[in-house]
């Protein structure tokens, strides 16, 4: 009777906990969504930055023309005249997701614009990602840790920076896909269910569709499998978790056009196949071991090992030779720069030139994950008490992602979920300990009788508990390889002991009891730390990461200034140029130009053709005439430069100019970086080199600049410019935005007539013969 | 929408041509402003002017320093061509100056400039703007002690009989000019790098440019066949310019006088001046050598509609019609050297167009196995003809996902292995599950 009541109470509590968890999760989702709306509230509902504009344009195309046209889309408005096969070179996950949402809403008669859907895709998926984090962490350390981790992830600044409303980029959905894939892997590992294994493959497929970062998954999971095998944790569940993933996942990945045969041909995927083979060998070994007697098994092992080693060596030698024969060792440049952080800066300036591919600084860790950085070690320790398959996976995840985030700022995004999970575990365990201690101490203070009973029961239970422990240790010794099974048995045992557990857990709790005061102070400190985290996250979301970067603002003593020059310039292009005119600019502005101005560009942010980018870089670093010829050969009509010298916008083309020189010089050796540097210093003042002062970028940026303040003071470089008065011979200024941030020039047509040699301003009295052989300007049109 | 992606550009050189200058719709309405130093030229050069008026030109004579002259009013040009027979003018009257003459040419109008031994700096400057440099010594004239014309009123060999014509029927007409051309005046030189200017009448190798009244102290700066007597310029917008250093070669006296080259026994009754200058004026005023290209079309072989995009390895047909202005009507232009390029940074296909002798040119070719944004380009530049440069942009896409072959014969072993594997696995499963 009493037992039944107790059980009923337990189910009630369980149900109550579930409902509470559900509402907490709902609120976490709302939090994740709403914290990302600062950008919409402070600015407007607009697509941000560079890449999202491309994704937006692709989504528009998808919604207009359908999936088959999208798949086969040959875009003739970028990379002129090469064009780009969009369908085969883009990760379609994000586009398809947003397109599906739009289609769904429209068929429900909710007429939202494509842009609105695109703007809000990232916040929606952030909510999904935090729920996925809950599921993952719950699999590792239970619901409490799950809820804490989900709450942390919902507002981690690193993730916010890539998923605010309007930041319509691959990462927005990819992080969700990443976490859900990990969750399903852990779930399969814990349950051994083929159903989850299939779901896992599908989640992996979604990840492959979404982001190039899927290689992280297909390397991390094999690493974990290998770890399990090496540490003797092989089980059939491990096999079910991994083997279907490799087979189905690889098949599905090969369906994505941008991956295609890369799924079996590039080195990034080799680890998974190698581990796949190893897993089968191990499985076979366990099977044979089960059949044969131990003695026979020993013989067989020696036989197989000796033969197998020889074969393995031969295969590995062939494999190494094959891989080594390819110039990049079968790795792509970005992956190589992950393994060797100095690789990109040495060989591929175009990868090194992207700021998000640079290593992060220490403060950026504090900025992006804040107090989580201090909680992560505690979380790792908690994962080792006790170490299960799931927790070892999470540990592996955080260790690898810490390394990758240290190589590339961008991969901080992969690190953030791991940090959240670890911190969630740490916080939840800490809370657990503190609250339990307080509860226990309170019980002792308040009700003596209860405490007495508790004491009594605990005294009864202690030996039993010891017995169980001994039992466990025996089991561990006996069947070490299948600890999984043992763990399950242990769970069952605990379930069976459910009635006793309340008492038993109390004993365990008593073992971890802390003094009351310490617990309260610790609790307060933890709450304080959490509050600090929340404040920081909200600040980061509101101030640091919500700027759309196409609209800039600045606060001065006069008030708020809005710089809307980019859209002004793109609108000018859209309204004042022919629909087929080509616009040349540095590749950063390619996506925006095609999406906002709807004009053909020469290069864009999909930096697939280094030579083409180098051509534009060379043109920008050449003198006017040579640049005119390069641009004319590419049918360029307009040249767009971004110039921040008037308002102090630091990421303008002059600051990026050295990369143009480097990338241009990498392909066209007549462009030499030292020509643009004075004693190794990059400067544009009167000490600048003549090459620098005569290159196109300098001229287009500073043309007529002296007319603004009479001195030509550049507010970004904080200096007066070197050459103030000059004329353009081959270009003419057609548009400069309000704050001079974007300047558009038109290529002058070649001259109608070719002048003769005689000087134009010949004075009538001068003797002709003396001036005759003077320096005749070579005609620019030949 | 798809049509927008595809477009036709007549190259920039052709656009102003059709819009402002030599107008194909109404080509005979030719108003010519003739600026003279004094009206005596009107009668002394009446033969030349008569040949122009007889061809339908309306000549308007004005003194060069007339304060009321102007080339345009309210932004509209009043004339289609300008003849400067005013070598000694120091300053034009009215609103005309060098810049306005240059603008006149740059908007596609034609110009004839005749200088003289007393050519002013102004005229020289106009010539320089057009790419012709007169000898800068103001007193110099072209002297030729071997190829001078025998005459009774000249002793210093400045009256030259030249027959070194450019070999271009399109400029000088198909009828050969038998008699030498009489020339008396200053020479000019051309920049050899200048591709727009042509030497139509060149001095002989024994000629030089110096002051005939003084002794030579320095070697003359211009000598031999580097000296050009008459040159024409065809600007990039196909405006045409004639520049000569002799005004008197247009005169009735030179037109009528007989000519005998020194050292030659043949005495021509009449000099070649009239034929030469009339023919060249026909060229300058676009009665010859003016081409137009219309009806640029392309389509897949077997179809007639112009597609917005081609696929790699498509067979296509390109056609264009080219006509030449004959002075009264557009006649088919017949040639066998018109070529079309299929161009993306470099020509992938270069093919000579075949003609049906009625002005219709066409070619069939296969799109290369390269995708990208291509252009159909016709760059037709022949001596004396207006330059045709047509370009038409067309994207070329790769195969769609369902345009590849579904089953490759070479891959049958793989299909076989895949299906036998499936069958084998199925049988194995049945045996394994139900064999006990």
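Here the Cβ of each residue, glycine as well, is placed from N, Cα and C on the backbone.
Taken from TrEMBL, the feature compositional bias 'Basic residues' covers A:753-763, A:773-782. Annotation source TrEMBL lists domain 'Oligosaccharyl transferase STT3 N-terminal' at A:19-422. TrEMBL lists A:580-639 with the feature domain 'STT3/PglB/AglB core'. Feature annotation from TrEMBL assigns region 'Disordered' to A:471-503, A:753-782. The transmembrane segment annotation in TrEMBL covers A:15-35, A:85-105, A:117-136, A:142-160, A:203-227, A:239-264, A:270-288, A:300-324, A:365-385, A:392-409, A:415-434, A:511-535 (among others).
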- Cβ pairs under 8 Å between the transmembrane segment (A:365-385) and the transmembrane segment (A:85-105), at least three: no
- Message: Should anything in the same chain at least six residues away from the transmembrane segment (A:415-434) have a Cβ under 8 Å from its Cβ atoms, list it; otherwise answer none.
- Response: 129, 133, 136-137, 140-142, 144-153, 156, 158-159, 175, 178-179, 368-369, 371-373, 375-376, 378-383, 394, 397-398, 401-402, 404-405, 512, 514, 519-520, 522-523, 526, 530
- Message: Does the structure show the transmembrane segment (A:142-160) and the transmembrane segment (A:117-136) touching, where I'm treating 3 or more Cβ pairs under 8 angstroms (sequence separation 6 or more) as a contact?
- Response: yes
- Query: With an 8 Å cut-off on Cβ pairs and a sequence gap of 6 or more, do the transmembrane segment (A:117-136) and the transmembrane segment (A:270-288) reach 3 or more such pairs?
  - Reply: no
- Spatial neighbours of the transmembrane segment (A:85-105) far in sequence, C-beta under 8 Å, 6+ residues away: 55, 58-59, 61-63, 67, 70-75, 111-112, 114, 117-118, 121, 124-125, 168-170, 172-174, 177, 206-212, 256-258, 260, 606, 608
- Note on the structure: Whole-number mean pLDDT, the domain 'Oligosaccharyl transferase STT3 N-terminal' (A:19-422), equals 89
- Contact count check, CB pairs under 8 angstroms to the transmembrane segment (A:239-264), set A:15-35, A:203-227, A:270-288, A:300-324; argmax is A:203-227
- Query: By DSSP, how many residues in the domain 'STT3/PglB/AglB core' (A:580-639) are helix, how many strand, and how many coil?
  - Reply: 33 helix, 10 strand, 17 coil
- Item | Close approaches to the transmembrane segment (A:300-324) from elsewhere in its chain (Cβ under 8 angstroms; 6 or more beyond its ends) | 267, 285, 288, 292, 330
